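Visitor: This is the feature table in Swiss-Prot:
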type	residues	note
BINDING	Gly83, 86-87, Thr91, 93-96, 111-119, Ser123	5-phospho-alpha-D-ribose 1-diphosphate binding site
BINDING	Gly83, Asn114	anthranilate 1 binding site
BINDING	Ser95, Glu229	Mg(2+) 1 binding site
BINDING	Arg169	anthranilate 2 binding site
BINDING	Asp228, Glu229	Mg(2+) 2 binding site
Amino acid sequence: MITPQEALQRTIEHREIFHDEMLHLMRLIMRGDMSPVMAAAIITGLRVKKETIGEITAAATVMREFARHVDVQDNSNFVDIVGTGGDGSHTFNISTATMFVSAAAGAKVAKHGNRGVSSKSGSADVLEALGVNIDLQPEQVAASITETGMGFMFAPNHHPAMKNIAPVRRELGVRTIFNILGPLTNPAGAPNQLQGVFHPDLVGIQVRVMQRLGARHVLVVYGRDGMDEVSLGAATLVGELRNGEITEYEIHPEDFGMQMVSNRTLKVADAAESKVLLLEALDNKPGVAREIVTLNAGTALYSANVAESIADGIRLAREAIASGKARAKVDELVRFTQQFKH
């Protein structure tokens, strides 16, 4: 089998690491059997040569192997709403707000997230600010999804093996393959996904990785203004996997009768500010926050196969917000998760 030194040499020569070799190297890293120096060198080398679809697929396969899984029996209309983060836009937690709206409209949502790394407020931070207990065991998350239609998986609880590479990632301080693996390794194995990415090149890459990993209906999105969400401020690049086929296209707010507006007003300094915007959107307060959540929830409902199109999803999302159902989902998740407080 390939040695870490051989793998490093290969990245230096800009040559690909093959599937079985990548599986082997990732297992060494996840088990803590590779020295921090070699692990740092290899993940940096991969970034410099640019990770291939095959390398990312193999790495995601191993991360899934090492994860603590959430077993959800019925996976119809089951969707993961996630962003790679790292888009540097510092907006409020649009994907977290999207989770509540999507669940209110009939999807089951497994949200996989963490505390803010590059953002001022990660999904875990804003959920805690809302009063949600994010520290659940896998079977409690499964119960949460079954009962409320929503489950939040706090990444450190589900990827314990990541602690072996965490110090290396922290010290390097640059983006590595691990930044794009998070969205590919949902511990509940949701077959459908709305995935936001921080770079246009990742749209085509991530949708093909999800195809290889056996996903059902995936929309990978990149807002041309740099957002890892469906954007109101620019066109959004979409890579869609459906029935095994991939199509790539662009969507615009105007396609759905929405106005193009800058995302500037969506910027927040911390989780408390993010909570305010999130609740304003769910309380049906007219404004950019409500519109961008509606647009993203419409897209998520389409990927969850609750809606027949994004336009149909937007209609359902508007209903879920206007009826007060989306706002009620926040209290429901708070109540359900608080019963597990130790």
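Numbers run from 1 along the shown chain.
Using N, Cα and C of the backbone, Cβ positions are placed for all residues, glycine too.
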Visitor: Which one is closest to Asp228 (Mg(2+) 2 binding site) in space, judged by CA to CA distance, out of the binding-site residues Thr91, Asn114, Arg115, Arg169?
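Guide: Given the candidates Thr91, Asn114, Arg115, Arg169, the nearest one is Thr91.
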Visitor: C-alpha of Thr91 (5-phospho-alpha-D-ribose 1-diphosphate binding site) to C-alpha of Glu229 (Mg(2+) 1 binding site): distance in Å?
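Guide: Cα-Cα distance, Thr91 (5-phospho-alpha-D-ribose 1-diphosphate binding site) to Glu229 (Mg(2+) 1 binding site): 10 Å.
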Visitor: Just to be sure I understand: of Asn114, Arg169, Glu229, which binding-site residues have a C-alpha no more than 10 angstroms from the C-alpha of Gly83 (5-phospho-alpha-D-ribose 1-diphosphate binding site)?
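Guide: Checking each Cα against Gly83 (5-phospho-alpha-D-ribose 1-diphosphate binding site), the hits are Glu229.
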Visitor: So, three-state DSSP: helix, strand or coil for Arg169 (anthranilate 2 binding site)?
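Guide: Helix, per DSSP.
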Visitor: Which site among His112, Arg115, Arg169 has the most other CB atoms no more than 10 Å from its CB, taking these as binding-site residues?
Guide: His112
Visitor: Quick one: which of these binding-site residues, Asn114, Arg169, Glu229, have their CA within 10 A of Ser95 (5-phospho-alpha-D-ribose 1-diphosphate binding site)?
Guide: Glu229
Visitor: So, three-state DSSP: helix, strand or coil for Thr91 (5-phospho-alpha-D-ribose 1-diphosphate binding site)?
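Guide: Its secondary structure by DSSP: strand.
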Visitor: If you measure the residue listed as 'anthranilate 2 binding site' to Asn114 (anthranilate 1 binding site) at Cα, how many Å is it?
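Guide: Computed Cα spacing between the residue listed as 'anthranilate 2 binding site' and Asn114 (anthranilate 1 binding site) is 15 Å.
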Visitor: I'd like the number of other C-beta atoms within 10 A of the C-beta of Ser95 (5-phospho-alpha-D-ribose 1-diphosphate binding site), please.
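Guide: Taking all protein chains shown, Ser95 (5-phospho-alpha-D-ribose 1-diphosphate binding site) has 25 Cβ neighbours within 10 Å.
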Visitor: What count of other C-beta atoms do you get within 10 angstroms of the C-beta of Gly83 (5-phospho-alpha-D-ribose 1-diphosphate binding site), across all chains shown?
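Guide: There are 26 of them.
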Visitor: Distance between His112 (5-phospho-alpha-D-ribose 1-diphosphate binding site) and Glu229 (Mg(2+) 1 binding site) at the Cα atoms, whole Å?
Guide: 15
Visitor: Out of Thr91, Asn114, which of the binding-site residues has the smallest number of neighbouring Cβ atoms within 10 Å?
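Guide: Comparing Cβ neighbours within 10 Å for the binding-site residues Thr91, Asn114, Asn114 has the fewest.
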Visitor: Taking DSSP three-state, what's Gly83 (5-phospho-alpha-D-ribose 1-diphosphate binding site) in: helix, strand or coil?
Guide: strand
Visitor: Tell me the Cα distance separating Glu229 (Mg(2+) 1 binding site) from Asn114 (anthranilate 1 binding site), rounded to the nearest angstrom.
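Guide: With distance taken Cα to Cα, Glu229 (Mg(2+) 1 binding site) is 17 Å from Asn114 (anthranilate 1 binding site).
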